[in-house]
């Protein structure tokens, strides 16, 4: 009888062992043991795996293995350490684990209008930069092109081969050689048929909308479009040269903090000690007034991964240059082939902020 009992126990052990090694539905390649106790063998994520992050938003443990247990998502977790889909004020102001999901007014993560529209708590603007078949056939704002990968932008990657929508509209050519087309966003059309805002576009030979980027006392007191600042020299933009000393109108643009009604910055940018919006150490470091951790990541920040697919540097800052993405990079270390939503926002802002050298001096 004892011999039979031992045989039964042995068979149960074998069956249980096989079951525990079977893949878990929805997490192919990960068995029950792996997900709960951790996988043995070579690291599959984190520092020792070139900053790779786990699939399906699994946590990356201190030892570089993917799973959902406390051992993975607790102390030492390297990335994606929050695995549930709740967010917002009732959940420690947590943002959503997927980089492009909005947090709804009820604290759920998603990418529908119910999540990203009225009452949205965080990451509400990011979804605006996704488009196409995987995003409800949404078109891009401001007539931007929708790339084959579903990103909004103006480069050849967006408007060229594979472009899904508005592929012709955001053309940077204009004037008599292009059907007398005018430029988008009230940009000037240069003598040679290109759109821009500097004196080379808006000055001698300009074909259309030649004064739209000018403002102030020398231009009939005109204010800038999109609430941009009007510089001392009568140019529209958002830099300190526009909004600082000598600014003529809309001078609070891109300002934030205690001296500006405790205003927070758009797109989750940090508010510096001096009240300027930005994302570098000068804005998010010492003296930062609000949204100071949005661009922090890695082991010292609960294994947070960077928004918009940016790299997490060895020091826990988000960025997209070699300094962030190479030696010591903690997560998302391979740069995307397409610009991130933020880079698109900043590119457009940079375009609007361009000032002719002679005007600045």
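From the backbone N, Cα and C atoms, a Cβ is placed for every residue, glycine too.
Quick caveat, the model's predicted, so the values are computed rather than measured.
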Candidate set 180, 352, residue annotated N-linked glycosylation site in Swiss-Prot: 180
Number of helical, extended and coil residues in the domain 'Chitin-binding type-1 7' (294-335), per DSSP: 10 helix, 9 strand, 23 coil
Sparsest-packed among the disulfide-bonded residues, when each Cβ's other Cβ atoms within 10 Å are tallied, from 202, 230, 318: 202
Proximal residue to residue 236 (disulfide bond) among disulfide-bonded residues 195, 230, 243, 297, 312 (C-alpha distance): 230
Confidence summary for the domain 'Chitin-binding type-1 3' (128-170), mean pLDDT rounded: 77
Cβ atoms near residue 243 (disulfide bond) (within 10 Å, other residues, all chains): 22
59, 183, 297, 312 filtered to the disulfide-bonded residues whose C-alpha is within 10 Å of residue 306 (disulfide bond): 297, 312
Nearest recorded site to residue 120 (disulfide bond) by CA-CA distance, among disulfide-bonded residues 54, 224, 297, 333: 297
